[in-house]
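I am attaching a structure below and will ask some questions about it afterwards.
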Amino acid sequence: MILRYGVQLENGPFNRRTADFLWMMIFGAATLLVLAALPFFETFFMGVSLVFMLLYVWSREFPNANINIYGLVQLKAFYLPWAMLAMDVIFGSPIGPDLCGILAGHLYYFLTVLHPLAGGKVMLQTPMWLRKVVAKYRIGAPTNTQTQATRNTGGAFSGRSYRVGG
C-alpha cells in the first residue's frame, strides 16, 4: 500500500517536490510518535499507522478515484481509509493504530491544504534546511530538467533534435 499510494502521491501532487513529500513523512512519523504516548493510541509498532496516514493523504488528493476492494466493493477513494478501518475492525484488529494514522494524516492535510484554502496562513511549511539537504544530495528528480530543442546549424540533416534524458 505504501508503494502504490506513495508513488501516486510522488507523481501527482508532490511531483518535483521531493522535500515536501519527505517533510510529510517526517511530520507524520513525529505526530504518530506523539500520539503513541497517549493511553488510547499506545502501541509499539507504528507501521500500520504510517500506512493509514499516507492512505488518508492520498484519499484526499485523489477523492474521485474509483477503488475496488477485494473485487467485491467499489467506492470512491475519499472513503477508502474508513473502509479499511471497518475491515480491520471486522477482522479483529485493534482500532487504535488505524485511527492514529487517520488523525495524523488529517492533521497534515488540514495544516497544508484545508486551512490555507479557507484563507488562513500556511502553518506547516517544509523547512529550508530539508530543502537544502534534498538539493545537496540530489534526492528525487531535479526541478529544472525541461527538454529543450537544439538547432542543427548545418550538415546533411537539418531537422529538429531533442536532447534525451534532460
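Glycine is no exception: its Cβ is also placed from the backbone N, Cα and C atoms.
Just so you know, TrEMBL annotations are computer predictions that nobody has curated.
TrEMBL lists 145-155 with the feature compositional bias 'Polar residues'. The region 'Disordered' annotation in TrEMBL covers 145-166. Taken from TrEMBL, the feature transmembrane segment applies to 21-38, 44-63, 75-95, 107-124.
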Counting only residues 6+ away from its ends, which parts of the chain sit with a Cβ under 8 Å from the transmembrane segment (107-124)?
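Residues 24, 27-28, 31, 53, 56-57, 60.
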Would you mind listing the long-range same-chain contacts of the transmembrane segment (21-38), meaning Cβ under 8 Å and 6+ residues beyond its ends?
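Apart from its flanks, the transmembrane segment (21-38) reaches 9-10, 14, 44, 46, 49-50, 53-54, 57, 100-101, 103-105, 107-108, 112, 124, 126-127, 130, 134, 139-140.
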